[in-house]
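Annotated features in TrEMBL:
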type: DOMAIN; residues: 2-305; note: domain 'FAD dependent oxidoreductase'
type: BINDING; residues: Tyr210, Arg265, Gly291; note: D-dopa binding site
type: BINDING; residues: Gly290, Gly291, Ala292, Gly293, Phe294, Thr295; note: FAD binding site
Amino acid sequence: MVGAGVVGLSVAHELARSGHEVRIVAAREAPDSVSGVAAAIWFPHDVDHSPAVLDSAAVTYRRLAELAGDPRTGVHLRRGTVLSRRAEVDTSWTRAVPHTEPAGPDGLPAGASGIRCTVPLVETSTYLGWLRETVTGLGVRIRAAEFASVGDVLRQDDADVLVVAAGLRSAALLGDDDVSFPIRGQVVRLANPGLTDWITDDDNPGGLTYVVPRRDDVVCGGTGDVGSWDEQVDPDVEAAILRRVTELVPQLAGQPVLSRAAGLRPGRAGVRLEAVAGHDRPVYACYGHGGAGFTLSWGDAARVAALIGASET
Ligand SMILES: Cc1cc2nc3c(=O)[nH]c(=O)nc-3n(C[C@H](O)[C@H](O)[C@H](O)COP(=O)(O)OP(=O)(O)OC[C@H]3O[C@@H](n4cnc5c(N)ncnc54)[C@H](O)[C@@H]3O)c2cc1C
């Protein structure tokens, strides 16, 4: 496999659990990849809401909800509000969530509506370490290496099957995909004044806005700059994020900044989860999860394992 982000580790887990011997090569470990920048709340964001995506989101919801029972995982179930400021509200995602209800008007911005629900929240610093440990506990070996192409990987590794789960760089590795693109996201993490409820406000007139309280901080975002490869934090963008989140959640005013980050979501015109022809051994692609890599991780990992299993029978 190529890739040790949340998607690669989840796929490795499901393959190892179904009896495969799995090796991962990855340029960087998950905390130093895009997976380490995420908020990471369960929500199918920056990804199409096709039936396959919503099925994967539902499978992942259930798996993460189970994991929330184990404090070592860093997964929690948290209540919050999905705000909308448009007449036609996309509620397709609600079918992947056990229970939702309309938010009362109190505290909502003028003209906005809201859906209240409980979803898994992943504390990435704990979860990615737990996932890596669990995966290596299943016998998966992880080696640091960077490759320019799938051909190079196949020349250097005698694996029977190769899975490419390299996030945004997957398209370049495979060389047959021109519908992948970065979606730049910037966040600023503030000290948590005691918040537990999250809120997302995609239609905020100032730009994508969200507040995701975690145990030790509050992740405040964001941006969704399609096509931008800029991984540097922009202070003007941060100031604008702080203005918007403080307007939405006044308790955040004056909270100290703990850290800041920018990352490139692996955008694509549809998640790519399929066998890729044209190589001397079977190659599978699993990438293009946009702002939903955590949200789709377990569902898509199970689908990759099923695809590979079906090809072997
Ligand atoms: C600001 C921000 C907020 C987000 N919030 C959320 C959220 O709330 N919920 C959610 O579900 N998602 C969220 N996301 C999206 C989520 O982070 C991504 O969808 C997810 O991390 C993608 O995981 P991945 O494993 O595919 O890729 P990555 O995490 O990028 O991992 C890629 C792996 O492949 C390896 N690799 C890449 N190229 C090569 C190469 N050439 N050779 C060898 N190895 C290679 C890397 O080193 C790494 O190990 C957010 C993203 C951002 C930027």
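Using the three backbone atoms N, Cα and C, a Cβ is placed for every residue, glycine included.
Automatic, uncurated: that is what TrEMBL annotation is.
Feature annotations (TrEMBL) mapped to structure.
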residue: Tyr210; record: D-dopa binding site; DSSP (3 states): strand
residue: Arg265; record: D-dopa binding site; DSSP (3 states): strand
residue: Gly290; record: FAD binding site; DSSP (3 states): coil
residue: Thr295; record: FAD binding site; DSSP (3 states): helix
Sequence-distant neighbours of Gly293 (FAD binding site) in its chain (C-beta under 8 A, six or more apart): Gly5, Val6, Val7, Val34, Ser35, Ala38, Ala40, Gly167, Arg265, Pro266
Integer Cα-Cα distance in angstrom, Gly290 (FAD binding site) to Tyr210 (D-dopa binding site): 16
Separation of alpha carbons, Tyr210 (D-dopa binding site) and Thr295 (FAD binding site) (Å): 16
Between Tyr210 (D-dopa binding site) and Phe294 (FAD binding site): CA-CA distance (Å): 17
Integer Cα-Cα distance in angstrom, Tyr210 (D-dopa binding site) to Ala292 (FAD binding site): 14
Gly291 (D-dopa binding site), number of other Cβ atoms within 10 Å: 24
Other residues, Cβ within 8 Å of Gly290, Gly291, Ala292, Gly293, Phe294, Thr295 Cβ centroid (FAD site): Ala38, Ala40, Phe43, Pro44, His45, Asp46, Val47, Arg265, His289, Leu296
